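Listed features, source TrEMBL:
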- 56-77: transmembrane segment (TRANSMEM)
- 89-108: transmembrane segment (TRANSMEM)
- 120-138: transmembrane segment (TRANSMEM)
- 150-168: transmembrane segment (TRANSMEM)
- 180-201: transmembrane segment (TRANSMEM)
- 207-228: transmembrane segment (TRANSMEM)
- 235-254: transmembrane segment (TRANSMEM)
- 260-280: transmembrane segment (TRANSMEM)
Amino acid sequence: MDLGLGGSNSSPPRPKWRKVAYGGMQPGYNDNHTDETFLEGMVMNASVVKRDMLKVMLDSVSISEYLCIVALVVLVWTYTLSSSLDENSLLLIDLSLLVSGFLILLFTQEMLSLTLLLHYALNISFFITGLYVLAPIYQTLTRSISSDSIWAVTVSLLILHLFLHDYSESTVKAPGVLKNPALTSCISVNASVVASVFIASRLPSRLHVFAIMLFSLQVFLFAPLVTYCIKKYSFCLHLCFSISLMVLTLSFVYTLHRFLFVLLLSLLVFVNLVCPYWLIRIQEYKFEINGPWDEAKLCFDITD
């Protein structure tokens, strides 16, 4: 009799907790309740990429290559401002760069056509004509600004250019490429163009201004495209070209100033050896947790 009464007064058993995304609060459980199976789906360091020291060092060659390109531009600026390079020598350098870059672009293209040839020739002719017409404006653009201010702003713009430059690919795209450059890449290119204008405004003649602007814009705008095409065509050729460029740049800097040579050499060693070593070492301390609480990710392209 007592057993019957006791059984009738007992509370009903609590329902089992279920893991649901949208179901509201479950009776008998708090809203933030989790059971012992909650951490079963946890994965640690699932997306951490295991990097190889040699591969990271080879990838960093592109950064050193562009640092040497900018160093060569600064060397040409220095020799031009000190009257060691006249306008005829500059025009000869411009012509050599234009022809060699044009040939590299043609030979590294997968499909060579007459339309592509005409496209490049037309763009280059418009580019050179526009520079020659605007040369007198560039020459007098900063006449009222002191030289010390020009040097300070130019150095700052070059540092900004190197800091924001896209070292993975070229800002100037080949014909037919739909991907637009990033905002930081556009800012980097604009900084290099303004620095070139500041340097050109300190030259004595219109032909000097035209030659140095043509040289600077050829390097800053089209050299990344040429080096990217070489790397895409053959990585071994890219390595040979980069190493040769480093040796050439270091030899020119050595003849200019010993301290600058040591500074550039230290920078190249830092980029190619120290930075890859740091990147490999910090991977050991990376701690990433993934689990069922993460947001869902699309496994297909939403534009399809």
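In case you wondered, yes, glycine gets a Cβ from its N, Cα and C as well.
Unlike curated entries, TrEMBL annotations are predicted automatically.
Highest Cβ pair count under 8 Å relative to the transmembrane segment (207-228), across stretches 56-77, 89-108, 150-168, 235-254, 260-280: 89-108.
Sequence-distant contacts of the transmembrane segment (120-138) (same chain, six or more residues past either end, CB-CB distance under 8 Å): 98, 102, 105-106, 197, 200-201, 206-207, 209-210, 213-214, 217. Same-chain residues lying 6 or more positions outside the transmembrane segment (89-108) and placing a CB less than 8 Å from one of its CB atoms are 76, 80, 116-117, 120, 124, 174, 207-208, 211-212, 214-215, 218-219, 222-223, 225-226, 229-230, 232-233. Long-range neighbours of the transmembrane segment (235-254) within the same chain, counting only residues 6 or more positions beyond its ends whose Cβ lies under 8 Å from a Cβ of the stretch, are 58, 61-62, 64-65, 68-69, 71-72, 75, 227, 260-261, 264-265, 268.
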